[in-house]
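According to Swiss-Prot, the protein has these features:
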| type | residues | note |
| --- | --- | --- |
| MOTIF | 45-51 | motif '[NKR]KIAxRE' |
| ACT_SITE | Asp125 | active site, proton acceptor |
| MOD_RES | Thr158 | phosphothreonine |
| MOD_RES | Tyr160 | phosphotyrosine |
| COMPBIAS | 368-403 | compositional bias 'Basic and acidic residues' |
| REGION | 368-512 | region 'Disordered' |
| COMPBIAS | 436-452 | compositional bias 'Low complexity' |
| COMPBIAS | 468-491 | compositional bias 'Polar residues' |
| COMPBIAS | 499-508 | compositional bias 'Polar residues' |
Amino acid sequence: MEMYETLGKVGEGSYGTVMKCKHKDTGRIVAIKIFYEKPEKSVNKIATREIKFLKQFRHENLVNLIEVFRQKKKIHLVFEFIDHTVLDELQHYCHGLESKRLRKYLFQILRAIEYLHNNNIIHRDIKPENILVSQSGITKLCDFGFARTLAAPGDVYTDYVATRWYRAPELVLKDTTYGKPVDIWALGCMIIEMATGNPYLPSSSDLDLLHKIVLKVGNLTPHLHNIFSKSPIFAGVVLPQVQHPKNARKKYPKLNGLLADIVHACLQIDPAERISSTDLLHHDYFTRDGFIEKFIPELRAKLLQEAKVNSFIKPKENFKENEPVRDEKKPVFTNPLLYGNPTLYGKEVDRDKRAKELKVRVIKAKGGKGDVPDLKKTESEGEHRQQGTAEDTHPTSLDRKPSVSELTNPVHPSANSDTVKEDPHSGGCMIMPPINLTSSNLLAANPSSNLSHPNSRLTERTKKRRTSSQTIGQTLSNSRQEDTGPTQVQTEKGAFNERTGQNDQIASGNKRKLNFSKCDRKEFHFPELPFTIQAKEMKGMEVKQIKVLKRESKKTDSPKIPTLLSMDSNQEKQEVFNIFPGWCKRGNLNWPS
């Protein structure tokens, strides 16, 4: 969170909070969903599920996930910020949305639901709070914490999902063999609320909800009634038997004719009789008076406008199902608005990585001139690989402009004349392709990449570094041979002169060692390296001689001192006696030498 500035709290739920934040570098406003730190595994399971689905499925009417990171054992999901929902619209329009706005919203919501269902995904929590509305009027389905893949025959689901007011009767009765129709039921309840401004089945308990379903929608099917009678929760409860009109427009008199037909097709007690999302997009409510042909160009223009502002790239493939988020702040998904141009960013990372690999190669290399051709060869190979990498990168689906054919017929993908091969599970809606590993930033960040990209300046620098290191090695070997020569003390004067000569040699060696160019001085910072190396390699008397040399070099600060120390002590006393005979007669002759 260091890169974000918190602006306030957007919402709070049982699993976490949503904060409005601003990226400090780019100034972009984002929404960060922070999951609570709880001991139970349900929170991590929900977070993992949401990350998995948002990573795998991309659509213009699904909310975009920017990045994921963990901080202080809390999972953070960073989304594009849209601070407006259908619930906010309903609070503003107390009597429901106007018919034109309602139809545009429902068309986009159905496209998102159809995309999920065609990919065998059940959202399981469709409600006005989970429908985001951008400033340009594009709706985005969000909150995939309860979404899951359609179960195989015989498998069961979790029974407690979805908000109660929009929960299908099979969910209320905890029938674990439910499927896609639960989303259609929730959509029908939400359509009535969006059209009238009031929730259709508000309830305080499961029993209260069942009672209202029987009163307003219809009686339970034999299968559901059997589950109800065997449930210990509803033991002793008897539901009323109500006769409902079969005509949808009489059953829902507050809705216009075609919209009442849609709601009646959605709110069927038997899940098998509920209409599918694809059939809903074919309904006369959307196909009459050329609505799709008129709305598609408008939607296309809005998507292009938002694509310029929110040009998302494909996420990195570094998320694992067993390990939801790594304990680091590396984003799972990156946004070029937050981290710069993805192509340039990838090239910079790749160049730095290759430079480090080249440095390791130079350090391990032995010899001088023989290695230079290999480096040049590696350089040429790196350039060819970089060109190949640049040719292999592909733009993301939002970076390119969507063609008219993609938006002309979102219901029938086979009718599109575009040559691009579409996902067979796309269901005909304008979709973004599943995430793959063709993005340039993925290639740049791939740790298994072994490409080397040395440039000419780096090659010259390695040559200089090799020459300097060889010079230092020769200097050290010469000084070691000179310093470790045999020394024999014949007289005090001769021994000191020999030590003085060795000091001069060491000083000259240090001078030669430090006599580099300014560029080389930046590369090497070890003025005491000769003594360290000698101390490790020399043994016995050689180490002692070095210590004696250091001690004597500290004592001899000026060239005048050796002449004083080389004088004989008896001669010194005689000269003092000749100059001060009286002082020496008083017993001060034995002064310390």
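Placement of Cβ uses the backbone N, Cα and C atoms for every residue, glycine included.
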The motif '[NKR]KIAxRE' (45-51) [mean pLDDT, rounded to integer]: 81
Where the residue listed as 'active site, proton acceptor' falls in three-state DSSP terms: coil
Protein Cβ atoms within 10 Å of the residue listed as 'active site, proton acceptor', excluding its own: 22
